[in-house]
C-alpha cells in the first residue's frame, strides 16, 4: 500500500499545481500530450522491447490508452459542460467501477469490496458535494466513462501481471503503457488542441516537466505497481483518498478555503471504508 499512499500525495499535489498554473491558461490536450511524451522518455531506456509476451504488451498498451489516454480526454471535455463542483462530485464513483470491474474479470461478486467502495464514495461526496446545476447529463456520462476507463486500466494491469509472470521487474515492462496513452493523446491534440494556448513562461513549462517526470512517469508506474500488491477493495478505496489529501494541501500551501468539519468527516468515512474492506476479508477467510 506504500506505493498507493505515496502516489496519492503526489497526485493530490499535482491537482493543485494544475489548478494554480495550468487550468484555463495552457491547452489541456497539449498538457496531456506533453506529460505522455516526457513519461515515455523516462521509460524508453528502461523498457525491454524484445522477448516480452506479445499479449502482455498489447494488454499494457490497452491499459495506457484506457487509464491515461481516454480518461484524460473525457475529463477535459467534461469541463465544457459542468461546473467544477459537479466534476469533483461525479469523479467520486471511481471506487465502484474498480470493484465492479474486478468482479467482472474474476467472474464473481464480492459484496464487501463493493460495500467498501460505496462507503468511500460517501466520504468523498461529503467533502466535495456543493450542489449541482440542471443540465449535467452529458458531463455526467463523460465522467462516468472517465471513471470506468481509469478503473478498468488499474484492474486490467493487476490481472495482466498475475496472468503473465516474468523474471523481469515491472519497470522493464511498463513502457508500453505510455505507447498506448500516446495513441490516444496525440490524435486528441491534433483534433481538439489549440496551438495558440501553449505554455507562456518558464513556470508553466516547469510545472509541465514536473507533471511529466513525476506525476505521470513515476506516479502511473507506482500506482499500477501498488495495485498489484493489494486486494480490489483496498484499491477501490484508495482511489478516493486523494480527496481529503488534495483539499488539505490546497488549504495549507495555497491558503484556499476549505470546510474543515466536512473535510474531517469525509476523511474519517473514507478511512472507515478501509475497515469495512478488512472486515469483509476476515469474513471470507472465516
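Cβ coordinates are placed from backbone N, Cα and C, and glycine is handled just like the others.
Confidence in the domain 'EamA 1' (3-128), given as mean pLDDT, stands at 84. Look at Swiss-Prot and you will find 3-128 tagged as domain 'EamA 1'.
According to Swiss-Prot, the transmembrane segment annotation covers 4-24 (among others).
The transmembrane segment annotation in Swiss-Prot covers 26-46 (among others).
What Swiss-Prot lists as transmembrane segment is 56-76 (among others), and the listing cites sequence analysis.
Per Swiss-Prot, the feature transmembrane segment maps to 81-101 (among others).
Per Swiss-Prot, transmembrane segment is recorded for 109-129 (among others).
The transmembrane segment feature in Swiss-Prot is assigned to 136-156 (among others); the stated evidence is sequence analysis.
Summarising the annotation, Swiss-Prot assigns domain 'EamA 2' to 139-277 and lists sequence analysis as the type of evidence.
Marked as transmembrane segment by Swiss-Prot on the basis of sequence analysis: 174-194 (among others). Residues 27, 29-30, 32-33, 36-37, 39-40, 43-44, 46-47, 49, 52, 57, 60-70, 72-73, 157, 220-221, 224 of the same chain, all 6+ positions outside the transmembrane segment (174-194), place their C-beta atoms under 8 angstroms from a C-beta of that stretch.
Residues or ranges marked as transmembrane segment by Swiss-Prot: 203-223 (among others). Sequence-distant contacts of the transmembrane segment (203-223), counting only residues of its own chain at least 6 positions beyond either end whose CB sits under 8 Å from a CB of the stretch, comprise 3-4, 6-7, 10-11, 14, 17-18, 21-22, 25-26, 31, 34-39, 42-43, 67-68, 154, 170-171, 174, 177.
Taken from Swiss-Prot, the feature transmembrane segment applies to 234-254 (among others). With a cut-off of 8 Å between Cβ atoms, the residues of this chain six or more beyond the transmembrane segment (234-254) that come close are 1, 4-5, 8-9, 11-13, 15-16, 19-20, 92, 94-96, 98-99, 102, 113, 116-117, 119-121, 123-124, 127-128, 150-151, 154-155, 158, 226-227, 260, 263, 266-267, 270, 273-274, 277.
What Swiss-Prot lists as transmembrane segment is 258-280 (among others), and the listing cites sequence analysis.
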Review point. How about the transmembrane segment (136-156) and the transmembrane segment (56-76): do they have 3 or more C-beta pairs under 8 A, pairs 6 or more apart in sequence?
Key: yes
Point to revise | Same-chain residue ranges lying at least 6 outside the transmembrane segment (56-76) that approach it to Cβ under 8 Å | key: 28-29, 32, 36, 87, 91, 142-143, 145-146, 149-150, 152-154, 156-157, 160, 164, 166, 173-174, 176-185, 188, 216, 220, 224
Practice item. Sort out the residues at least 6 away from either end of the transmembrane segment (26-46), same chain, that have Cβ-Cβ distances under 8 Å to it, and list them. Key: 18, 68-69, 72-73, 76, 79, 171-172, 174-175, 177-179, 181-182, 185-186, 188-189, 192-195, 197-200, 204, 208-209, 211-213, 215-218, 220-221
